[in-house]
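Annotated features in TrEMBL:
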- 27-119: domain 'Ig-like' (DOMAIN)
- 238-321: domain 'Ig-like' (DOMAIN)
- 343-415: domain 'Ig-like' (DOMAIN)
- 529-621: domain 'Ig-like' (DOMAIN)
- 1-21: signal peptide (SIGNAL)
Amino acid sequence: MGRLFTIVNASLIVFLGSSSGSKLKGPELSIKGAQHVIQAGQILNLTCRGEMVHSWSLPEAPSQESKRLTVIKYACGRNGKQFCSSLTLSRAQANDTGYYSCKYASSSAVKKKTESTVYIFINDTGSPFIELHSNIPKIIHMTDGGEMIIPCRVTAPDVAVTLKKIPPETLIPDGKTIIWDSTKGFIIPKATYRFIGLMSCEATIDGHKYSTKYLTHRQTNTIFDVRLNTPNLVKLLKGDTLAVNCTVAAAWNTRVQMTWSYPGEANHRASIINRIGQRTTDANIFYSILVVDKVRDIDKGQYTCHVKSGPSVKSVNTRVHVYAKTFITLKHRRKSVLEAVAGRKSYRLSMKVKAFPSPEVVWLKDGLPAAEKCARYVVKDYSLIIRDVAEEDAGNYTITLSIQQWNLYKNLTVTLIVNVKPQIYEKAVSSFPDPNLYLLGSKQVLTCTDSLFTFCSNTEGPFILKSGSSRGNRIQSIAQHMAMIEGKNKTASILAVAEAKSSGIYSCVASNKVGNVERNISFYVTDVPNGFHINLEKMPIEGENLILSCSVNKFLYKDIAWILPRTVNNQTKAKRHIIKEYSTTLILTIKNVSLEHSGTYACTARNIYSGEEVLQKKDVTIRALTLELVLLPLESVF
């Protein structure tokens with residue numbers, strides 16, 4: 001980096017030349033062009049002429065050694081109205097290489113060019129590099145994607161320099177990713193991880209190899225994570241020691257600054273120790289440990305760990321509460337009697353608890369440890385969680401809290417009622433898909449087993465039945481009694497029908513606060529035994545008529561048909577349907593039967609509910625016609 005050198009020595013000298021009286025566009029140097037080369041040990045002479053007072057900017061080395069450097073200021077030009085200065089550098093050295101600039105002192109006064117610069121190479125065949133770092137490489141900082149310069153400047157513009165990365169890898173300038181500039185070194189416009197490591201600039205002069213080394217360092221500000229070793233709220237007893245550890249994980253090349261803010265900061269109540277831990281495979285670990293001995297009330301409040309790395313800032317905090325003494329307070333959160341519904345996925349029993357220090361927690365169910373009693377019971381903090389709530393979970397639950405060190409004990413009981421959705425036992429165990437048939441005029445008893453029931457009939461629309469009701473079928477009685485079903489007391493409701501004469505559906509409904517359940521009982525009255533029957537009036541004799549009737553309950557069957565023996569060919573047959581209130585009958589008549597009409601006659605019908613075809617058979621044997629011989633007295637013949 002150049003250093004500004006101001007001319008203070010002055011004398012009057014006339015500047016001779018054709019342009020001595022011309023108007024200058026800006027300060028002019030006696031050496032034209034952008035670069036100039038002189039040999040080491042020679043004298044460098046530079047003259048600057050301008051319209052205003054000017055100053056020199058030189059490389060660092062000659063600026064510091066005033067014994068080799070002389071600058072003289074004088075008036076020049078026509079009538080001495082221009083300003084000139086001459087710079088003389090004796091015994092020029094390689095490290096004098098650099099930019100030499102002459103510029104006006106006040107740039108605001110001139111709108112034209114205000115500075116002239118030339119780059120002077122001091123050629124030293126024994127030292128091609130201006131800076132030589134052989135044993136200890138110079139650190140070069142880089143950022144991803146930013147420009148980075150390896151500053152291996154040379155003493156002559158024609159020195160051939162090679163850039164190598166150690167371990168050996170030659171990096172060849174291509175004018176884009178790597179650019180060589182003899183006045184700057186190797187320019188890398190967009191540095192990547194490829195250029196991280198030890199770099200070497202090498203040149204060979206007269207068979208002798210020279211090298212200067214640089215170590216690139218990628219400094220990042222990536223903070224991965226900041227955390228404390230304490231919970232969000234730290235509870236301490238007066239006189240205890242507070243220790244909070246702040247841990248930071250950061251990228252390898254990241255360095256962090258860790259500070260604390262806390263209630264007793266003004267009084268320096270805490271001692272803080274910062275240290276770096278052993279790094280992991282992908283991060284550096286930093287620690288800051290804050291310790292407060294014998295905490296008091298003034299130490300309660302928020303403790304914050306602040307972490308900074310360049311522009312990256314993160315923080316994490318915790319609160320500290322200081323108690324004067326130990327205690328336990330225990331109250332019901334809602335009520336002392338709670339209700340849950342069987343089948344619920346989970347139910348939480350919890351209490352309002354304030355305690356310090358944290359007490360030991362045990363939940364009891366009906367006096368026994370709940371967690372041992374059932375695997376579905378889980379204790380979490382001050383709550384008991386019941387998973388897959390069942391009827392047997394009803395009972396008394398007691399929470400016991402104890403701090404044995406301080407001889408503190410508290411307990412509280414809550415009662416849990418488990419409501420179960422009603423279930424009608426007969427509905428659950430029934431395996432009969434078809435409606436039930438009840439013989440016309442018979443007495444019947446219908447039963448539903450659970451809790452509360454309402455019986456309805458749909459003969460004239462649904463309505464609530466009562467004992468003695470004559471709508472539909474006459475109800476003889478409706479009674480309830482307790483029954484032991486599968487080891488549990490159940491309520492059975494019994495409906496007695498005095499006389500079956502009206503078909504319909506009886507519905508019994510069981511209900512409680514959880515819900516309702518309904519069982520529909522199909523009550524179909526039939527005048528046909530078992531709902532399907534074949535009747536033969538009499539076994540006929542040859543020449544008589546065969547009459548068969550097939551009767552089915554019309555609520556259960558349809559599509560009645562006869563299947564005749566093969567022997568019955570084109571014999572005249574007659575079929576007649578008779579539809580009654582409860583049944584349908586198909587009558588088959590075959591006139592003037594013969595012995596060939598003997599055989600098995602079948603009647604088929606289709607079940608309305610199952611869709612299956614049902615068949616019944618009847619064996620018929622036609623009796624032969626016999627002649628009766630009548631014997632008369634002999635005398636009556638003659």
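Every residue gets a Cβ built from N, Cα and C, even glycine.
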How many of the residues that make up the domain 'Ig-like' (529-621) does DSSP mark as helix, as strand and as coil? 6 helix, 53 strand, 34 coil
Grouping DSSP H, G, I as helix and E, B as strand, the residues of the domain 'Ig-like' (238-321) number 6 helix, 49 strand, 29 coil
Secondary structure split (DSSP) over the domain 'Ig-like' (343-415) reads 10 helix, 45 strand, 18 coil
